[in-house]
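Visitor: Pulled the feature table from TrEMBL, pasting it below:
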DOMAIN    11-92  domain 'Prepilin peptidase A24 N-terminal'
DOMAIN    104-207  domain 'Prepilin type IV endopeptidase peptidase'
TRANSMEM  6-23  transmembrane segment
TRANSMEM  75-94  transmembrane segment
TRANSMEM  100-116  transmembrane segment
TRANSMEM  123-141  transmembrane segment
TRANSMEM  147-167  transmembrane segment
TRANSMEM  179-212  transmembrane segment
TRANSMEM  224-247  transmembrane segment
């Protein structure tokens, strides 16, 4: 593995993560195609180019806007750093293969949806509609084994989430269902089931911790998308090993 390429992909991911922050903030507000550059949401001052360096600018500015001194949401540097590290990790795990493109696209979608769900508690249809055909094309180029696993995965995801929504009475939303269908194309049916399990466990553990710390109130609505996305990424990179371990251990 080339250290140079690893660093390159980490930096590339961080730069794209900065862009994904913009996409995640603007799409729900229908401002995506505005020509104006990034600006402070408080004072509306356009952000200078040298203040747009991923992660570094946030640290240099002390997490505050240079103009109005209002605190900048840590969501911005977190998304940049996480996207960069996940790009690097994708290269570390997969190497220079076509599947690496699929990994980058999955991480990109996860970064954007993480922002939209954390900020607006929304998984926009526009984002899913944009990424779905990309995943279909990529699964034609690098199909799952067997190739029809993507089709079964999408179908299983739809049925599973439809039943969950039906019986949970609003515990999950339509955006979660559509997200799982898209993930089904990438992960296949076993991957979808594992993602659902992991997201439920992670969500439950985090919620219990937040409740115990009194950060979260009972019956307070929380975005579930980040847990789904984390479960999907764990499944994508390590799902086969986890499923094999489970089968060998209990069957």
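Easy rule for this one: first residue shown is 1, then count along the chain.
Just so it is clear, glycine is given a Cβ too, placed from its N, Cα and C backbone atoms.
Heads up, TrEMBL stuff is auto-annotated, nobody curated it.
Please go over these features one by one and say how buried each is and what sits next to it.
Guide: Long-range contacts of the transmembrane segment (6-23) within the same chain: residues 32, 38, 52, 54-55, 75-76, 79-88, 90-92, 104, 107-108, 111-112, 115, 127, each at least 6 residues beyond the stretch ends and with a Cβ under 8 Å from a Cβ of the stretch.
Using a Cβ-Cβ cut-off under 8 Å and counting only residues 6 or more beyond its ends in the same chain, the transmembrane segment (75-94) has close neighbours at 1, 5-7, 9-18, 20-21, 24, 54-55, 58-59, 100, 103-104, 107-108, 110-111, 114-115, 118-119, 233, 237.
The list of residues near the transmembrane segment (100-116) in space but at least 6 beyond its ends in sequence, with Cβ under 8 angstroms from a Cβ of it, reads 13, 16-17, 20-21, 23-25, 27-28, 75, 79, 82-83, 86-87, 90-91, 93-94, 122-124, 127, 131, 134-135, 138-139, 142, 179, 182, 186, 225-226, 229, 232-233, 236-237.
If you look at the transmembrane segment (123-141), the same-chain residues 6 or more away from its ends with a CB under 8 A from one of its CBs are 23, 27-28, 98, 101-102, 105-106, 108-109, 112-113, 116-117, 147, 150, 173, 175-176, 178-179, 182, 185-186, 225.
Counting only same-chain residues 6+ beyond the ends of the transmembrane segment (179-212), those with a CB under 8 A from a CB of the stretch are 102, 106, 109, 113, 123, 128, 131-132, 135-136, 139, 144, 149-158, 160-161, 218, 222, 224-225, 227-232, 234-236, 239, 242-243.
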Visitor: Using DSSP, tally how many residues of the domain 'Prepilin peptidase A24 N-terminal' (11-92) sit in helix, strand and coil.
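Guide: The domain 'Prepilin peptidase A24 N-terminal' (11-92) comes out at 42 helix, 4 strand, 36 coil.
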